[in-house]
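Take a look at the structure set out below.
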Amino acid sequence: MISLIKLYSFQIVVIGTILLAITSALVGTLNVYKNQALIGDALGHSTLPGIVLAFMLTSQRNPLILLLGAMATASLSYYLIEYSNKNSNIEPDANMAIYLSGFFGLGLVLKSFIQGNPSYANASKAGLDKYIFGQAAYLQKNDITLIFIVFIICLGIITFFYRDIKCYLFDSELANLIGVNTKRLDHLILFMTILVIGVGIKAVGVILISSLLIIPIITASKLSNNFLGVLGISALLSAIASITGSAISTLYQGFSTGPTIIIVQGLLALFVILAQKLSKGGHKI
């Protein structure tokens, strides 16, 4: 274990996944309490065409450029979902499914196009598949720097607007009554969600990114009925899962880091749910 800790590659992966998982837990808590737990899934899938388009336009794999592309299409998807919710009779879940599959399908089409087009001869080396399924083992220093910046931004926003956010999530009518700018909070939560998804897809992929935003929060809500408690516990559980998942994937060949972290989070959730069931207790979210 000591030799494992000394491995530079392991240190990079652990630092990156811990920062990502904690940030995802904090932002995911806001979405879960906002009754938008599945928005991360829709936005995660919607980032793929943005990533591919960013690569097509720049022929670069710079994390910041790909992040901007991911944020652009995720934002577009969100506002299309919101527009459809307000101007159609389609159920919100169905709306999300439509845009989730539509944007993801567009991303796959664009990816196939550049791989079969002579103009993008280097596209097969671009590693775009990593953004579908995730490959945390290939995180680099510039990825960690970007994740750290996003962590600081999200932590700063949540800390600065904590009282307003808490009031808004638990009683939006009261928040409006006392002058809280709820539209600004909506935009800030969306901004943080898209940021987290944008930097997280390289580690866990567009398919699994929503798990980081949901599983630890559900687990934490079984252990605490206090908002701050859920924030803290979900962040702690996420860090534990990241360390455990990274260690398992490093020690045992063939285990992908991102999916292993998700599995550990799932097992923690299952353990807590079963323990609560046996003790006939637990908190509902």
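Keep in mind that glycine also has a Cβ here, set from the backbone N, Cα and C atoms.
No curator has checked TrEMBL annotations; they are predicted automatically.
With a cut-off of 8 Å between Cβ atoms, the residues of this chain six or more beyond the transmembrane segment (12-32) that come close are 39-40, 136-137, 139-141, 143-144, 147-148, 150-151, 154-155, 158, 165, 169, 189, 192-193, 196, 199-200, 203, 209, 212-214, 216-218, 220-221, 227, 230-231, 234-235, 237-239, 241-243, 245-246, 250, 257-258, 261, 285. Annotation source TrEMBL lists transmembrane segment at 12-32 (among others).
Counting only same-chain residues 6+ beyond the ends of the transmembrane segment (38-57), those with a CB under 8 A from a CB of the stretch are 28, 31, 65-66, 68-74, 76-78, 81, 93, 96-97, 99-101, 103-104, 106-108, 110-111, 114, 120, 123, 126, 128, 131-132, 193-194, 197-198, 201, 206-207, 209-210, 213-214. Feature annotation from TrEMBL assigns transmembrane segment to 38-57 (among others).
Annotation source TrEMBL lists transmembrane segment at 64-81 (among others).
According to TrEMBL, the transmembrane segment annotation covers 96-114 (among others).
TrEMBL lists 144-162 (among others) with the feature transmembrane segment. Beyond the ends of the transmembrane segment (144-162), by six or more residues, the same chain brings 12, 15-16, 19-20, 22-23, 26-27, 30, 63-64, 67, 185, 188, 192, 195-196, 198-200, 231 to within a C-beta distance below 8 angstroms of the stretch.
Annotation comment: TrEMBL describes 188-215 (among others) as transmembrane segment.
For 227-248 (among others), the entry in TrEMBL reads transmembrane segment.
The feature transmembrane segment is assigned by TrEMBL to 254-275 (among others).
Here the listed stretches are 64-81, 96-114, 254-275, and the one with the most C-beta pairs under 8 angstroms to the transmembrane segment (227-248) is 254-275. Long-range contacts of the transmembrane segment (254-275) within the same chain, counting only residues at least 6 positions beyond its ends with a Cβ under 8 Å from a Cβ of the stretch, are 13, 17, 21, 133-137, 203-205, 208, 211-212, 215-216, 218-219, 222-223, 237-238, 240-242, 244-246, 248, 282.
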